[in-house]
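Listed in Swiss-Prot for this protein:
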REGION    454-480  region 'Disordered'
TRANSMEM  34-54  transmembrane segment
TRANSMEM  76-96  transmembrane segment
TRANSMEM  113-133  transmembrane segment
TRANSMEM  144-164  transmembrane segment
TRANSMEM  174-194  transmembrane segment
TRANSMEM  197-217  transmembrane segment
TRANSMEM  223-243  transmembrane segment
TRANSMEM  282-302  transmembrane segment
TRANSMEM  312-332  transmembrane segment
TRANSMEM  350-370  transmembrane segment
TRANSMEM  381-401  transmembrane segment
Amino acid sequence: MAAPRTPNTARKVLGRLSLPERTFVADALRTETVGGVLLLVATVTALVWANIPALQHSYEAVSHFHFGPSALGLNLSVAHWAADGLLAVFFFVAGIELKRELVAGDLRDPRAAVLPVVAALCGMAVPALVYTLTNLTGHGSTQGWAVPTATDIAFALAVLAVIGTSLPSALRAFLLTLAVVDDLFAILIIAIFFTERINFAALGGAVAGLAVFWLLLRKGVRGWYVYVPLAVVVWALMYNSGVHATIAGVAMGLMLRCTTREGEEHSPGEHIEHLVRPLSAGLAVPLFALFSAGVVVSGGALGDVFTEPETLGVVLGLVVGKTLGIFGSTWLTARFTHAELSEDLEWADIFAVASLAGIGFTVSLLIGELAFAGDTLLTDEVKAAVLTGSLIAALCATVLLKIRNARYRGLCEDEERDEDRDGIPDVYEQDDPAYHLRMADIFERKAAEHRRIAAEKAAAARHGGAEVPGGAGEEDGRPA
């Protein structure tokens, strides 16, 4: 006799998030969305400021104005302070995000982590490959291979806010995890490939400072007046070591504890991230964009973006490489692990998110400055290519996401519906008997109201009476 068929138990990928994870993602992305809009405003301001002849000189003067203690090796230009100083705050938050993902988020479970990690890695490797092939074919410089590898989550969310599209929580979490892993490998790329000379004395001091930072955290020492001065010292030593100073930010972020203990509502990492994220998204990143995105744009310059191998490689890497890398790896990973896409989503949704990830701005601009540090003209051309590629990726994503917007709106409404008004969306209470008892009580009251109205209408019809007050499902002017 044939053995009974085993039911299909294929693992679902990109399914609905747990309620705590959904709440965390929503809170994190809400701040990033506001920051993304500010980033967009700062970018437009920089482009206008740098391209109006009457204002162009003032932009250059402000960007190259130097200040800071020369004796400590910190007499830097405003643009330099923004790139090395303010972005350390951005990478500090990125470090906390990564730590949280590793100990309490999607990356905690190796099976769940495979998909976003593979997608992020391929989403960096394929753009780098596209850039390299373009420049080998066109006899250009391969120094900028890392420029199109990054995803800017804030800019991507700003695009979503502008076009009025709400992604389901699973897609938002996927995009956030992609960006977090992207940031991690971008940091490694900066540390490994863009560190030329190392001052080992300063590096040793920075490492010692990080050790003190870690020890104070483990001892439970509290107080910003302890950690902020120490963080500034570590940053200054890291800067003078020759290693990019933003590495100090991510290192300190990774040291924070992101798990809760008994009696704690939030972990120290979550608490500090909640305090610092608005500073990062609302001030640090927009100011970096203001002094980094101000490239002179002309018809000839835009034409060069599509003719010079270095700039064309950046554009193709962001628009084509990112999309193919993320979508292709996600599809192949699901196929070879015998996983199935959540029934709420389609592969077209993954393709749309992959194209949205082609918006590589903040980190791409930073790597562009590092890769072509000795060539001001090429640096500006690469910045223009980053802006152009990100704009094309945003337009492609807008079209793809708008096609699916009605479906997304329905999924978001399902995730937020709370008919029993207990503060928890109904989709998270389907297995809770108390929820069904509350819903049964609601429906019984609605049914009783319907019966009352029907009976009064019938009585009114027999006696030729007036209209019956009230409405089905209403009690005292409120839904039953």
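Each residue, glycine too, has its Cβ placed from N, Cα and C.
At the 8 Å Cβ threshold, with sequence separation of at least 6, the transmembrane segment (113-133) comes into contact with the transmembrane segment (144-164) through 3 or more pairs. Scored by C-beta pairs under 8 angstroms, the transmembrane segment (144-164) has its highest count with 34-54, from the stretches 34-54, 76-96, 282-302, 312-332, 381-401. Within its own chain, the transmembrane segment (197-217) is flanked in space by residues 226-227, 230-231, 233-234, 237-238, 240-243, 248, 251-252, 255-257, 268, which lie at least six positions past its ends and keep a Cβ under 8 Å from the stretch. Proximity of distant same-chain residues to the transmembrane segment (312-332), defined by a Cβ-Cβ separation under 8 Å and at least 6 residues beyond the stretch ends, is recorded for 13, 115, 118-132, 134-135, 138, 140, 144, 147-149, 151, 178, 305-306, 347, 350-351, 353-355, 357-360, 364, 368, 382, 385-386, 388-390, 392-393, 396.
Distant neighbours of the transmembrane segment (381-401): 43, 47, 144, 147-148, 152, 155-156, 159-160, 163, 165, 167, 292-293, 295, 297, 301-302, 304-305, 308, 310-312, 314-319, 322-323, 348, 351-353, 355-361, 364-365, 368-369, 371-372, 408; these residues of the same chain sit at least 6 beyond its ends, with a Cβ under 8 Å from one of its Cβ atoms. Only residues 6 or more beyond the boundaries of the transmembrane segment (282-302), in the same chain, are considered here, and those with a CB under 8 A from a CB of the stretch are 31, 34-35, 38-39, 41-43, 45-47, 49-51, 56, 59, 62-63, 78-79, 82-83, 86-87, 89-90, 154, 361-362, 365-366, 369, 380-381, 383-384, 387-388. Panel annotation: around the transmembrane segment (174-194), residues 14, 25, 28-29, 91, 94, 97-98, 101, 105-107, 116-117, 119-121, 123-124, 146, 149-153, 156, 167, 243-244, 246-247, 250, 326, 353, 356-357, 363, 366-367, 370-371 of the same chain, lying at least six beyond its termini, place a Cβ under 8 Å from a Cβ of the stretch.
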